[in-house]
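Per TrEMBL, these features apply:
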type     : residues  : note
TRANSMEM : A:20-43   : transmembrane segment
TRANSMEM : A:268-294 : transmembrane segment
DOMAIN   : A:274-391 : domain 'ABC3 transporter permease C-terminal'
TRANSMEM : A:314-340 : transmembrane segment
TRANSMEM : A:361-385 : transmembrane segment
TRANSMEM : A:405-426 : transmembrane segment
TRANSMEM : A:438-457 : transmembrane segment
TRANSMEM : A:658-678 : transmembrane segment
DOMAIN   : A:665-777 : domain 'ABC3 transporter permease C-terminal'
TRANSMEM : A:708-733 : transmembrane segment
TRANSMEM : A:753-773 : transmembrane segment
C-alpha cells in the first residue's frame, strides 16, 4: 500500500466498496469482449483453416460436369490461359450396402490418378495408404463416413457400381477440400452414416463404368488474378460437344457455399452482438459514475481546494472507469478464449478439416479491449467532465435541490387513484427521462436477445412442418443415375412396401432474365401431386399449371421476376440449347433455389420425350427392410434419400446448435438484465436512502417502503417488454435475412410463447436483482440517514 | 402563557434505568447511563445538552427507532422495549409524529402530498389541507419542497407530523436550520398543536430560548439527566428570542 498514492488508495477502497456494481458492469462489458473474441476469433479460425486447407490441397476454383469426353482434351484444357492445374475425373453416384445398416447409404465414387497425387483437390491422408490400381476393389474413404462406420484400413463394404454389387476394401482414410461439409443428395443436413465419398484409382473406376480414356467431371485451378469468367467460357466451349453442363465456381460448390454461409453468420454476430453490450455497459458506467461523483461532490471540492488539479481529479475517476473496463476485459478475454476454442472444436465435428488453426491473434484482444475501454470512457465522459468544470467553492456547497415536475400535482382526482408512494415512484421516474429511457432500452436488449435466440425454434419447427409435412411428404426419394423412361415409375411402384409413387424430373438449367442469371434445376412434378406438393405464398398447395414456371419467391427476387415475365432457360445437359417459358406463379420454398414445372410441360420444353430423374415414394413402414433390400439390388438407382431419417437428423443437428446458442444467449440476457436492473436499483437506493428512511420513520412498513423502489423498477422492466419484443422481432428479421442464402432460407416465425418466455426470464432476473437490493432497504440505518444532510 | 402543567399521575412515557452502550470496535461508548423519566400527557418537554449527552438516543428510543441496551421504556401500559420490529413500525405509524432538523420531506411530493403520505395510512387523520392550515401554509399547498423556504419546509414537516393526530411528537432540533424569525413561526405552530390537540412533545434543542415555552426542561450531561426544571410561567413563542 505504501507505493500507492492517497488518491489511489481511495480508488482501491471505492472499488472494494462498490464491488457488486462494478462486477455487474464488468460482466456486461465482458460479454461484449467475449462475443468479439468468439465471433471474430472463430471467423478467423474457420477462414484461415479453410484457406490453408484449400491452398495446401489445391482446391479447385472451377468445376464442371459433363456426359463423357475423351481424355485427350486435357492438353487443350490445360492450355487455357489462367488455368494452373486441371484434373479430369470420373465421378459416379453409387448405392452402398453397409454392414449393420438396413437402409442403403449413398456414396460418390471419384477417380484419382493411378499414380501420384491429383493435380487439383488433393487428398489429405489421415491413415493407411491410397488405393492401388492393380489391386481391384481398393478404395480410400472420407474420414467422417469412416468414423461413422468405425472403418479402418482393411475394413470392407459393398457398393453397387454400374449395376453390380462389389466388395470394396478400405486402404486409407482421407479428407478432401471438396467435402469439408459433406451432404448427400436430397439431404438437408450432413449425415455421415448415410453419405460417404470414396476414391478409386482411375483405371479401376474406368473399368467398372466403361470409361476408359474418358472423363465426366472436370475440376480446375486458376492462377491468381485469372478472370474466372474467361476461363469458364473457354472450358464450356471445349466441353459443350461432350454434354458439358457448364462450369461453376466455388460459390456454387456445396461444401464451400455452406462454409461461406457459416462465415457470414459469424461476421454478422461480430457486427451485431458486441455493440449491444458495449452500449449497455457505457450507459451503466455513466449511471454509476454520475452518482458516485454526485455523492463525492464535496470531496471533489476539497481535493481541488487543497491543490489537486482538475486533471488529477478527472484522472482519478477515469481510472475507476478503466479499472471496471479492465476487469471486464480480463473476464471477457478468458471466457472468449475458452468458448472460442470450444466453438472451433465444434466446427471440427461439423466440418472435416485435417487440422484446425486457432490463432491467438493478439490484435483481436487489443481491439476488443480498446473498444470496450473506449465505450466505458465514453459512458464516463459526461460525469468526468462535470468534475473538471466544478469550481471547488461550488462543489463544497450542497447541490441545488432536485426540481420535480408537477405531474399529477394539485389534481386530487389522480391522487385518489395513485397512492403517494406510487406518485413518488412515478415522479422520480420521469424526473430523469433519459436515464429511464436508457434503463428501459438496456433491459429491452435482454428481452430482444432472448427473442432472437428462441425464435429459431419456432422458425425451424415451422420450416420442418412446411418442408416435411406439407411439401416433401414422401418417405424416400429414389434418384436414378441416368434419366429413365416413365416405365421406371411403374417399376418403382411395384417395389415392396411402396404405397404411392410420383415420378419427377430435374433439369439443370441456367435461368436468365436480362443480365441476371442463376444456375438451378427445374423440377418437373406430376399433375395433382400428393407427395411433392408445391405451395403458394400462403403455404396452400397449388395445382401445377399446364405450362409455365412456378418460381420460388427467392428466385423471383434474385432474378427480378414477376408473373407473366418470360425467362430464358439454358438447358445445361442438352447442349446448352436455349428455350423460353413464362412465369405463371410465385411459390414458397425454404430449401435451395426452387423452380417447378408440370412434368409434361418440362418434357415438352426439353424436347426429348418423357423422362424421369427419380421417383418419390411413400412407404409402408412394415415392409421397409424389403424395400431397402430391393433398392440395393436395383442397378438403376443411384441414390436414395430418406426423408424420415433426414427429418430426424435435421432436428437433431439444428436442435444441438440452437440449444447451444440459446444457452449462451440466455446467459447473456441474464447478465444484461442483472447489470441494468441491479445497478439501477442500487443507484436509486443511493439517491433515495434518505426518503426511504423517512418513510420508515413515519411508520411505513418495509414492504411499503420497498414498493417505492420496486414500482419504479417495475415500470421500467414492464415498459422494456414490448420494446424488447419489437427489437427482438427486428433482430430476428435481420438474422433471417442474414442467413438467407441460395442453400436455404429460414421463415420468420415468432410464436407468442417465445415472447412470453423471453419476458419471463427477464422478469425473473429483474425480480431477483430487485430482491437483492431490497435486503439493503430492510437494513437501512434510520437514525444515521436522518441525521445527515443530503 | 399560563396553562396549568399537565399531571404526571398517568405518564404517557415512563423510562426506568435506560442505558445504551454503543460498541465501536474495542471502545464502549455510553450514550445513556441509567435514565429515569416520566412525561405527562400534553406536556412539552425540552431536552437540552451538549452533543453526545444522550438526548437524541433517548428521543430515538421513545420513537421506536432505537432500542436500549438495558432498562425499560413504557408507552402508556405497553413496554416499547419489548416490541418487535413490526410492532415498532406500527407504533410509529399510529402514535408518533417526528420532526427533524433537516425536515426530511419527500422532494418528489408537493406539500399537500407530503402530508397526504401520512394521512393515507392513519386511522383518524385530519385532511392534509387542514393540517397545512394549522401551520399557516394553506396557500402553498401545491408547491414542491424545492420551491419552499426552509421555514416553510419545516412547517410542512410539522403539518405532516400532526396530520395523523399523534399522541406524541418528537422533535430533533426543529429550528436548528432556521433563522430566528422563521424559527418562531415553527414554535408557534408546535405550541398551538400542543394546546389544540393535547399532543405530548419532546423537543431536542441547543437553543436555550426554546426552553421558555416548555413545561419542563431536562438538561443532559454524560448520558444522565443532570437537571430538571419546571417552568412555572411559560413564554409565548412570539416573545422568545435567540
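Placement of Cβ uses the backbone N, Cα and C atoms for every residue, glycine included.
Note: TrEMBL annotation is automatic and uncurated.
For the transmembrane segment (A:438-457), the list of distant contacts is 276, 279-280, 283-284, 287, 658, 661-662, 664-666, 668-670, 672-673, 675-677, 680, 716-717, 719-721, 723-725, 727-732, 735, 746, 748-751, 754-755, 757-759, 761-762, 765-766: same-chain residues at least six beyond its ends, Cβ to Cβ under 8 Å.
Secondary structure of the domain 'ABC3 transporter permease C-terminal' (A:274-391) per DSSP, as helix, strand and coil residue counts: 100 helix, 0 strand, 18 coil. Summarising model confidence by region, the domain 'ABC3 transporter permease C-terminal' (A:665-777) averages a pLDDT of 90. Look at the domain 'ABC3 transporter permease C-terminal' (A:665-777): DSSP puts its residues at 97 helix, 1 strand, 15 coil.
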